Amino acid sequence: MAPYQIRQYQERDYKLVVGLFSRGMMEHIPAAFRYTLLLPQTLLFLFVMPLTIVLVFGSWLLAVICIFFLLLLLRLLAGQPFKDYVAQCLQTDMADITRSYLNAHGSFWVAESGGLVVGTVGGLPVKDPPLGRKQMQLFHLSVSSQHRGQGIAKALVRTVFQFARDQGYSDVVLETSVIQQSAITLYEAMGFQRTGKYSEISIIKWLITFSIIHFTYSFPSTQKHEL
């Protein structure tokens, strides 16, 4: 296990951070494709279309070809939301990390090992938190595939916890998709609670929609105070 350190983001980290973020998002595409295939509406669609071709044209070969191209199309479509998200982030908060995070009452950290950036996480104040709450939102938690299983992700989340606690925040919140099961497992193991769920990432609105889960971690002292 190679040693690592967590430090605040510096401008020289930019290319490595963006590369790690982009690769991490693309890793979710196979899981998104598998998730898509198991949806009832997808299975129905894959059954009805070839059956229609057999009934209309009487050709099983044409039906098999249809299934092949439908699967190929679904594979391409499954990756589009993640590609769009990366493109959006690179035009917004990730375009200038210093301005978006460090100069906006938040912060951004990297995990460094062997001179390379192997993990990232950011935190920003929530603009309109619930009444009586002061919340920080966690963004862009990512760890290089070669450095997972070393506790880096947990250490990065704890770094956000410490920063938020020191700044007087009552909660840390975040959002992630149902596709990212390893992230969901991590957050729940660290004490985050599911506080909401909504559908946002749509491949084809009438066919496939990925749900977004909202998580909240409330600091124990805050919970005791409310009691």
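Keep in mind that glycine also has a Cβ here, set from the backbone N, Cα and C atoms.
Sequence annotations record features per position, and here Swiss-Prot assigns transmembrane segment to 29-49, 53-73, 201-221 based on sequence analysis. The domain 'N-acetyltransferase' feature in Swiss-Prot is assigned to 69-213; the stated evidence is sequence analysis.
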By a Cβ-Cβ criterion of under 8 Å, what residues six or more beyond either terminus of the transmembrane segment (29-49) are in contact with it?
-> 66-67, 70-71, 74-75, 77-79, 81-82, 178-181, 203, 206-208, 210
Do you know the DSSP helix, strand and coil residue counts for the domain 'N-acetyltransferase' (69-213)?
-> 56 helix, 51 strand, 38 coil
